[in-house]
Amino acid sequence: REDLWVREGKILNPEKLFFDEKGSADIQLDCKDSIIAPGFIDVQINGGFGVDFSLATDDLKPGIDLVSQKILSHGVTSFCPTLVTSPPSVYHQILPQMSIRNGGAHGAGILGAHLEGPFISKEKKGAHPEHCLRTFEAGAFQDLLATYGSLDCVRIVTLAPEMKRSSEVIRELTKRGICVSLGHSVANLSQAEEAVQHGATFITHLFNAMLPPHMLVHQPSCFGLTQLAPLWEDQHGTVLGAAAGAAAKLTQPLSVRSSGLVLVTDAIAGMGLAPGRHTLGQQVVEIDGLNTYIAGTKTLSGSVATMDTCVRHFQEATGCSVETALEAASLHPAQLLGIEHKKGTLNYDSDADFLMLNDGLYVQATYIAGEEVWRRDALGM
């Protein structure tokens, strides 16, 4: 019910304007009873609109530009382009072409790459090609560097914590400010706990590609960490995130703390396109309705959900508050990446990346640094 004041790309404290500067607004905009919320942040998106971030190319920029522009209409103001398990040659070709950049009229901002694999479990590889999977050998962290080629623009790495020498890799990544996420794993609880002790703070697409929740009594797994999250927060100041994309079945969520839940799309190249066959890195993927599978199988492979769809589904399926649903797509991913001081909130002095939504949580307009970058027209397009 309040006004949102913006100046020079930041959210402004109006008291300073009124009392210190004796100023007033230069431009006023009637939001017409819209909900104003922080811009969405997608930390796991493999591509969309025909673009596959894991597909080897010498000219990645047009594809990145297309996706970053298209996702503005879905409320995403920042994202982490995600590469699935690939041969080293693909990482060496793609990663040097990626760069962190601010968002604007050209598209959503890029926060850094999310590398999902290849250091993951064969048993829980999901849609990741087995012949490209790797383990940590004697070099451990040097093995990782040799595989990726560069970590300059990397923000998140998903790995399986049960792999030998993973602890030293987690420590080294964490030292460099890279978020380590646990996923595609058959780790037991003690292995997962050890990973957290060495710096891991996230779980990739919770419920998927890990031991199922009903196994917890007999063989506690990564999922068990969500039950220990309050303990870890008390002891280590760490909030465990749990990513939940369209594939996750959230209709009957277990007792996962909503304060650690991060919604992701896990979207593939087919997002925004008609059903058919597309790629996900080395694999051919088929869209069947709202589901995506490795062609010819029933192995789930990402999704074609958009972020605003994920937010609405989460709110409707769980009955959580609107605030909880919105925070899972904005505040929580910002906290995960350590950027909550400038993104993911409407706090004073934070970046003016925000959305206008109607009561049904459909995006009406998207703003980055206080500038309108997308608006739904009168025809609802």
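Each residue, glycine too, has its Cβ placed from N, Cα and C.
Annotated in TrEMBL:
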- 35-373: domain 'Amidohydrolase-related' (DOMAIN)
- Glu116, His184, His205: Zn(2+) binding site (BINDING)
- Asp266: active site, proton donor/acceptor (ACT_SITE)
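Recorded residues His184 (Zn(2+) binding site) and the residue listed as 'active site, proton donor/acceptor' have their alpha carbons 14 Å apart, per Cα-Cα distance. Cα spacing between His205 (Zn(2+) binding site) and Asp266 (active site, proton donor/acceptor): 8 Å, rounded to the nearest whole number. Glu116 (Zn(2+) binding site) and Asp266 (active site, proton donor/acceptor) have their C-alpha atoms 11 Å apart, to the nearest angstrom. Mean pLDDT, taken over the domain 'Amidohydrolase-related' (35-373), works out to 87 on the 0 to 100 scale.
Taking each Cβ in turn and tallying the other Cβ atoms within 10 Å, the top scorer among the binding-site residues His184, His205 is His184.
Glu116 (Zn(2+) binding site): 30 other CB atoms within 10 A of its CB, across all protein chains.
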